[in-house]
Structure formats: C-alpha cells, structure tokens
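J.: From Swiss-Prot, here are the annotated features:
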- His336: active site (ACT_SITE)
- His379: active site (ACT_SITE)
- Asp383: active site (ACT_SITE)
- 40-177: region 'Disordered' (REGION)
- 376-469: topological domain 'Cytoplasmic' (TOPO_DOM)
- 186-206: transmembrane segment (TRANSMEM)
- 231-251: transmembrane segment (TRANSMEM)
- 262-282: transmembrane segment (TRANSMEM)
- 300-320: transmembrane segment (TRANSMEM)
- 327-347: transmembrane segment (TRANSMEM)
- 355-375: transmembrane segment (TRANSMEM)
Amino acid sequence: MSVTVEVADEETHDVPLVEQVRTTPDQNVDVKVQENNVVTTKIGPKLETIPAAKMQDDNGDEEKAENSEGAAAEKVEKQHDDDGVVVHEETDGVASSRSSHHDKQKPGETKKSGDGKMDDDDIITTARSSSRRICGSAASSSDSETADDAPLLPDEGPSHAVRLEMPGDKPASPHDRFPKTPLKTLVAFLMLVVAAAGNTITLSWIHERYPLTPPLPDIVFELIPKIPWGLRLCENLMIGSFVSLLVLILFHRHRWIVLRRLCFIGSILYGMRCITMMVTPVPKADEDFECSPRFGENATFSLIVMRGVWSMFGLGLNLFDNQKVVLCGDYIYSGHTLVLVVSALFIGEYSPRRFYILHWLSWLVCSVGVIFLVLSHGHYTIDVILSYFACTRVFWAYHTQAAHPSIRLSVQNHQAKEFWFPLLRWFEGDIRRPVPRRFDCPISYSQVCNAFRRVRPRGRNGAARPAFE
C-alpha cells in the first residue's frame with residue numbers, strides 16, 4: 001500500500017499528518033471512497049458519515065488502479081515547496097512521506113486558511129490495497145502496553161547488536177577452542193605458592209601473639225563431648241579428597257585451564273585468610289593441644305620468617321609433625337574446611353554429570369571431615385562457617401564470570417568491583433564459553449611407544465646399524 005502526504009505552506013500553518021490507516025473518532029476523520037479505487041481523507045471540524053461510492057468488482061481492470069496510484073504519487077512530488085521537505089520512503093512495499101516542518105497539531109484540531117475555508121492541502125490521498133495491519137500512532141485508542149501492535153522497545157536511540165552465547169553452539173573462531181596457555185597457569189601457581197608462604201609466615205607471627213586464655217564459648221563444644229581422634233580423621237579425608245581432585249585434573253582434556261583456576265582461587269582464599277588471622281587472634285580451641293614454644297623476648301623478624309617457611313613443608317597438618325614445629329592461632333577462618341570445600345566444588349564442576357555418585361561422595365567426605373574437625377576442637381564452629389561462605393562465594397562468582405563473557409564484559413557487572421577481577425579478565429580472556437567435561441589420557445599411546453622404542457645400536461663410525469643383519 002502506498003501512502004503519500006502533502007505538505008502545506010507556511011501561510012496556512014497546516015501541519016502534515018502522520019500516515020495512519022486505522023481511522024478513529026479521536027482524529028475526526030472523514031473517509032470517502034472514489035470510483036477510481038482511491039481513498040480520499042479530508043480533515044473536517046466534525047465527523048460526517050458519507051456512504052461509500054461504487055466499488056470495483058473482482059473482475060475490474062487492475063491496470064487502471066495502478067495508473068491512478070502512480071499519478072497520485074507524482075502529483076504530490078511536484079507540489080512540495082521551500083517551507084517543507086517531503087521525504088518518500090518505502091518499506092516492505094509501503095510508501096510513506098515525512099516532513100521537516102516544525103509546527104505541531106493536536107489530535108482533533110483543524111486549521112483553516114485566511115478565508116475560513118478548508119485548503120486543498122488538507123487532503124491526504126492514499127491508495128487502497130489489500131487489508132494490512134499497521135501500528136497506529138500514540139493517539140490511537142487501541143495502543144496500549146498490552147496491545148499486540150505496540151512496539152516492543154521505544155525508538156529513543158540507536159540500536160545495538162546483541163550476541164547471545166548458546167552453550168550448544170559450535171566454536172565460531174579459534175578462540176573457542178580453549179587454548180592451553182601454560183604461562184598463565186604458571187603465574188597462577190606462583191600466586192598460590194606466595195599465598196601459602198604468606199599464610200605460614202603470618203601463622204608464625206600469630207603464634208607469638210595469640211592470647212593464653214581459655215577457649216571461647218562455642219555451642220558445639222558445650223553440647224557434644226570432644227573426640228580426640230577427629231582431627232586426624234579430618235586430615236586423612238582432606239588429603240584423599242584433594243588427591244582425587246588432582247587425578248581428575250590430570251585426566252581432564254582442558255587440564256591447564258582447570259589447574260589454573262584451582263591455583264588462582266586458592267591464592268585468593270589463602271590471601272584473605274592471612275588478613276583474617278592477623279587482625280583477630282583468638283585463643284586455642286583445644287586446651288590439651290600442645291604447641292611449639294614461643295621465642296618470647298628473643299623473637300626477631302628473621303626467626304619468625306624462617307620458622308614459618310620451615311613449617312610450610314609440613315603443609316600445616318598434624319600428620320606431618322616430624323619437624324616438631326606445631327604453630328597455633330590459625331583459626332579464623334579454617335584452612336581444613338577450605339581444602340575440603342574447594343575440592344568438592346571442583347569435583348562437582350568438572351566431572352561428568354552422570355557421575356552423580358562421585359558428586360554426592362565428595363560432599364559427604366567434605367561434610368564428615370568438617371563435622372569431625374569441630375568435634376575434635378580443632379577449630380571453632382564460626383571458623384568452619386566463614387570458610388564455607390568464603391569458598392563458595394569466590395568459586396561461584398569466578399566461574400559465573402569465566403563461563404559467560406557477556407556478563408564479564410558488561411559495564412553493569414557489579415562483580416567487576418572485586419579486587420581480583422582484573423586478574424580474572426586476563427586469565428579468562430581467551431575463554432568464550434563453559435569448559436566442557438571431557439577427558440583424555442595426558443600421554444598418548446604413540447608417545448608411550450616412542451618412549452619405550454628400542455634404540456638402534458650404532459657402529460664404531462657412528463652410523464646406525466640396520467635393524468636386521
């Protein structure tokens with residue numbers, strides 16, 4: 001359907017009307033149907049009902065209607081003047097005209113020329129075509145927020161292309177192939193080593209400062225009697241869970257990425273633990289636990305650092321106390337719970353979904369280890385709770401950002417305010433989607449054959465002997 005609009009001159013102060021097929025009483029429009037298949041709309045002071053003229057039958061001459069449409073369009077193009085510019089557009093077969101005139105007219109108002117009569121410029125000629133639904137203006141009575149023809153978005157600014165990342169999509173570029181980037185993994189591993197060393201050095205310093213007072217009140221300590229062997233059981237479960245995680249990473253197809261994330265998240269958690277231990281030293285949770293003697297007045301910075309580095313080789317566990325360095329005061333928050341929870345989170349995230357038994361088993365081991373840790377008075381209950389929340393918040397926040405670049409690159413991402421977010425963007429800059437849960441052998445069969453292949457003996461002159469003589 002083609003629609004043309006005539007622009008009135010400045011003397012009559014007429015304003016071109018926005019094209020609209022739907023006629024409503026609010027706009028006070030009269031419609032006349034002519035015999036030449038052209039609908040003429042005239043603006044009047046009131047709504048008049050005029051019977052329709054003769055309509056062409058189905059066997060009429062279609063060429064005559066097309067010629068009349070073309071003539072009407074050419075007529076409007078020749079009548080534009082300097083006060084208004086008519087722009088003809090056509091979208092999906094519908095022609096429209098827009099004017100740059102700045103005057104506006106309210107719906108229902110009618111303007112007249114100097115002699116009080118209607119001008120010919122107030123007539124809008126539109127060509128009738130097949131029934132078609134076009135969105136009306138804001139003055140239309142059918143326009144509302146729930147109307148079917150209401151626009152979905154307001155046309156207030158330039159549109160922006162949005163790309164939706166689908167998990168099942170095939171890689172669209174080489175960046176989606178999960179590069180190994182061992183350099184980034186090495187950087188994350190060094191960060192973990194620095195954080196672990198800082199933990200032990202901080203613990204060595206706290207060992208000289210923690211208060212020698214009775215344990216703080218704890219509801220679990222009051223209700224349940226102490227289980228002395230609970231701490232050793234917790235550490236055994238912790239070692240088994242962490243070794244299982246390392247085996248999972250070893251056989252994961254994207255082992256470099258998983259190992260890098262483990263080291264980076266571990267460095268964040270151990271770094272925050274250094275701060276919490278330092279700011280609030282608390283007394284021992286177990287009065288019967290024997291700690292190494294303090295330096296006292298002979299304490300120096302070098303002695304404290306060397307003792308912390310030496311205790312790091314024991315991994316902070318009581319199972320490896322052959323060096324006779326047992327430090328106390330590392331309570332807020334629990335490092336044992338940190339290892340148990342992080343191991344369970346990584347096993348559940350990167351193992352196949354159908355291995356639900358493994359997922360339940362990992363969380364069962366974590367729960368049992370944490371329970372016996374508290375029952376043995378190895379940690380306060382608040383230490384375990386804070387450690388769980390710290391581990392889960394950091395893990396879930398990191399993996400949400402890493403798996404969805406649209407969130408990571410958004411300007412409205414509030415998690416970008418985290419202190420570790422710039423490092424996340426560098427570590428995960430080449431990751432465009434979630435890491436798939438796929439596995440393979442780290443050493444291929446051909447590599448094994450090449451390693452154990454029989455080397456041909458060489459002669460005296462250095463030339464290789466034939467395989468068969």
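Yeah, the Cβs are placed from backbone N, Cα and C, and that goes for glycine too.
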J.: Considering only Cβ pairs under 8 Å, which range in 186-206, 262-282, 355-375 makes the most contacts with the transmembrane segment (327-347)?
T.: 262-282
J.: Counting across all protein chains shown, how many other Cβ atoms sit within 10 Å of the Cβ of His379 (active site)?
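T.: Other Cβ atoms within 10 Å of His379 (active site): 25.
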J.: Asp383 (active site) to His336 (active site): how many Å between their Cα atoms?
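T.: Counting only the Cα atoms, the answer is 10 Å.
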J.: Around His336 (active site), which residues of its chain at least 6 apart sit with Cβ under 8 Å of its Cβ?
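T.: In sequence order, the residues whose Cβ lies under 8 Å from that of His336 (active site) (at least 6 apart) are Cys234, Glu235, Met238, Gly369, Val370, Leu373, Gly378, His379.
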J.: State the mean pLDDT for the topological domain 'Cytoplasmic' (376-469).
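T.: On average, pLDDT over the topological domain 'Cytoplasmic' (376-469) sits at 80.
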J.: Please classify the secondary structure at His379 (active site) using three-state DSSP.
T.: coil
